[in-house]
């Protein structure tokens, strides 16, 4: 099967959608499918190689422009120039299916949706779109949504947003991970990483929605019980100093996973606009206990048949966060380790990938039905 993946965001800055597209592309290639990715900006050879892709499998849609979207700075492009590049990519690709990611915002995904004449699968990632994007979607998507032959959402919340603003009824298929990339670390003493308890925060701490200020406000109460508490922050942001907190900056995946593996708590204090808790899964895959804000997207990935695999607290409430961290630290370190690893395994690409490919088949069938033509066979499936 020839699959065209359309990513709306530049790969110059890491993000959940970009990582998902790369992971999916790499998995599809492993299964013998032909893959091509188009996105704004450039993708480095080393970044592509992390998922088994090569530069010839990436096409640039032109220069990326930073805009504020969903509480973050997204690097996208849109307009005549990108449209011409997308049209050329579609014509040369001769794809069996075109897979758009985040089609609710004005990006190259909408251009591809308008320009393609092939079966279309669309994945909705956004749980809380910006007002401007909603207005745009209300004007444009109703006229174009019929071009989507199969719809996916990464979470139940993202599915609700997609249905409300575009009328589609997506199938929920979460983001994928390569479980083997996350070595499971078991506790060998009271604390997972050494002589002191360790709490790890991961993300762009300058963005208010990441909840770093909630964490710092919660720490004094935790330190009252654990004065030797160690706190590390992994992620980008302006240089700053917070007493008792180490800022490690951006780390490669191997280093980041090593820190997660030795963490006594992975803390996720985000205040909103999270559609999927991918980092919670990554932390659990490494064996780290999770303490998270009770966002709907986080509860979805933290829940198994027995209940919550971790501790949660009220969104934005530092006192509640303190109590949740204290409860977690009082427990045996590996109390929920096996359950967490099992939850993460549910999102391995060996599980997620076939679900996505099944939606490609649905797209082909719906494409044929809606256009009144003989069903287009998806080669290689």
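Any Cβ shown, glycine's included, is placed from N, Cα and C.
These come from Swiss-Prot:
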- 9, 16, 204, 209-210, 251-253, 256, 274-278, 282: GDP-alpha-D-mannose binding site (BINDING)
- 125: site 'Important for catalytic activity' (SITE)
Assigned conformation of residue 204 (GDP-alpha-D-mannose binding site) - DSSP reduced to three states: coil
Between residue 252 (GDP-alpha-D-mannose binding site) and residue 125 (site 'Important for catalytic activity'), the C-alpha gap once rounded to whole angstrom: 24
Listed binding-site residues (252, 282), ranked by Cβ neighbours within 10 Å, top entry: 282
Shortest C-alpha distance to residue 125 (site 'Important for catalytic activity') - which of the binding-site residues 9, 204, 210, 256: 9
Site of maximum Cβ density within 10 Å, from binding-site residues 210, 256: 210
Fewest other Cβ within 10 angstroms of its own Cβ, chosen from the recorded positions 125, 204: 204
For residue 9 (GDP-alpha-D-mannose binding site), the number of other Cβ atoms found within 10 Å of its own Cβ: 29
